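Q: One structure is given below, represented as C-alpha cells, and several questions about it will come after.
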Amino acid sequence: MSRFSSALQLTDLDDFITPSQECIKPVKIETSKSKTGAKITIQEDGSYVQESSSGIQKLEKVEITLADCLACSGCITSAEGVLISQQSQEELLRVMNANNLAKLNNQRDEIKFVVFTVSQQPILSLARKYNLTPEDTFEHIAGYFKKLGADMVVDTKIADDLALIECRNEFIERYNTNRKLLPMLASSCPGWVCYAEKTHGNFILPYIATTRSPQQIMGVLVKQYLAKQLQTTGDRIYHVTVMPCYDKKLEASREDFFSEVENSRDVDCVITSIEIEQMLNSLDLPSLQLVERCAIDWPWPTVRPSAFVWGHESSGSGGYAEYIFKYAARKLFNVQLDTVAFKPLRNNDMREAVLEQNGQVLMRFAIANGFRNIQNMVQKLKRGKSTYDYVEIMACPSGCLNGGAQIRPEEGRAARELTAELECMYRSLPQSTPENDCVQTMYATFFDSEGDLNKRQSLLHTSYHQIEKINSALNIKW
C-alpha cells in the first residue's frame, strides 16, 4: 500500500510499481568506450554486471534523491522506497546516536542543537492510540524525544497562526487588486502542490496561495530566529518535524526551502505518526504512559501559555477556510460573523459556505478534500465555471486528521470511525486565536524588524514551478 497521498498516487493510473520498472530519471553511467560492445547481465542478488573485452565490471547502484523526484515529471510513488530512506526513523536514530556520541566525546564541532517540532494531528493520533489526553500525550512524547537526545521540543501553534494571518492578508490583496486569480487555492498541503506542479503546471499555479505551510514557517523560525537567540547558525541546528502525512517529507526536500546562506534545509527530517508508533513498539512499551513526561519548551518572546495543543475553526487541517471567510466578511463587507456553516455538497469532503446580503452572493468559499474533489474543482476552473473565491484543498479524504501517515485503525474498525473520533477530539481542543501577543511580537521583532520590507515576503512566502513533461522513449507504455 502506498504511503503518499492519492493526489500523488493517481498522477498516472499505473503509477504504483517498483523503481526498477518505472523510474525514468536519466542516469549517466561512466563506462569506457568499446568497439566490440558489452553485455549487461542481472545477477541473482539483483546487481548488474557488465561483461566486455576488458573484463567484468559490477555497475554502481543508481542513487535517486528526493530533489531528483521533485524535479522529474515521471512517477512519485514508484521511487517511494528511495524517498522514505532519506526521511526515515532509521536516519533520525542514526543522526541522534552520532550526535549523542559527539556530546559524550566533547567533539564540539560535530555537536548539533536538536529541535523537534510536533504538529497537532499526530498528537491526537497517538492520544487516541494510547488512551491519553492530548496534553499528556504531548508531554510523554516530549519525554521520549528528550531521551533520544533532543535539546528542545516545541509545538506548531505560532507557525499555524502566522500562516493563517499571511493567507488572510494575501486573500484580501487579491480580492481588491487581482480577482482574475480567484479562487485563491490553499497552499499548505504538499501532496496537492506537487500534483498541481506536475499535472496542471502554469495554468493552476498562479491561483495557489504563496504563503508557506506551517511546517516550513517553523523551519524559518527554528533555523533563523531560534538560531539567533542561541547565538549559533542554522547549519548547527538539526530540525525534526512530526507530521500526519508522508508528503511532508517531499515538501521539506524542496530546493525552495534550502538556504544557501545557512547552508541547510529549513527542516532536516520529517517523521510521522506511524513511525513514532513503530519506534515506541521497538522498545516493547505497552503504553506511552511508561515514558517519563517532559515539559514542552517555549522559546518565543512572550509568556508561556497554559496549553500546547490547540485547534482551529471548522477543519482539522488548519482552519484556513473559516478563518479567512470570517476575516474577509468583516474587512470587505463589514459583516461580523461568529460562526460559518460549511454545508456538504455531493459528499462530506466537498463543502461550501456562502455570504449573502439582500439576496446577493458576496463571497463563496469551499473545502475540498480528497483527489476526486480536487479533480472536479480543477476541471471547473479550467472550463471557467468555478464560482468560488477561496478553496481550502487537502489531498487526503477528511483532511489532515486522516493523513496518510496517521496511526491505522484496529482490525475490524473502519477508518471513517477513527477519523470521526479524531475530529471529535480536535473540536474539544482550546481554539487558537491567531491575533495574539506572541505573533504580534514576532512580527515586530523579527519579520518586520530592521526596516527590511522584503523580509516578511521572503521568509513567509514561497513560489511554485511547473515540472516539464519528459518526452523520452522511457515514458512509452507498451
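Positions of Cβ are set from backbone N, Cα and C atoms, glycine also.
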Q: Looking at [4Fe-4S] cluster 2 binding as recorded in Swiss-Prot, which candidate out of Cys167, Cys189 goes with Cys245, Cys396, Cys400?
A: Cys189
Q: Same-chain residues six or more away whose CB lies under 8 A from the CB of Cys400 ([4Fe-4S] cluster 2 binding site)?
A: Gln121, Cys189, Pro244, Cys245, Gly316, Ser317, Gly318, Met394
Q: When DSSP states are folded down to helix, strand and coil, where does Cys245 ([4Fe-4S] cluster 2 binding site) land?
A: coil
Q: Please report the number of other Cβ atoms within 10 Å of the Cβ of Cys396 ([4Fe-4S] cluster 2 binding site).
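A: So the number of other Cβ atoms within 10 Å of Cys396 ([4Fe-4S] cluster 2 binding site) is 27.
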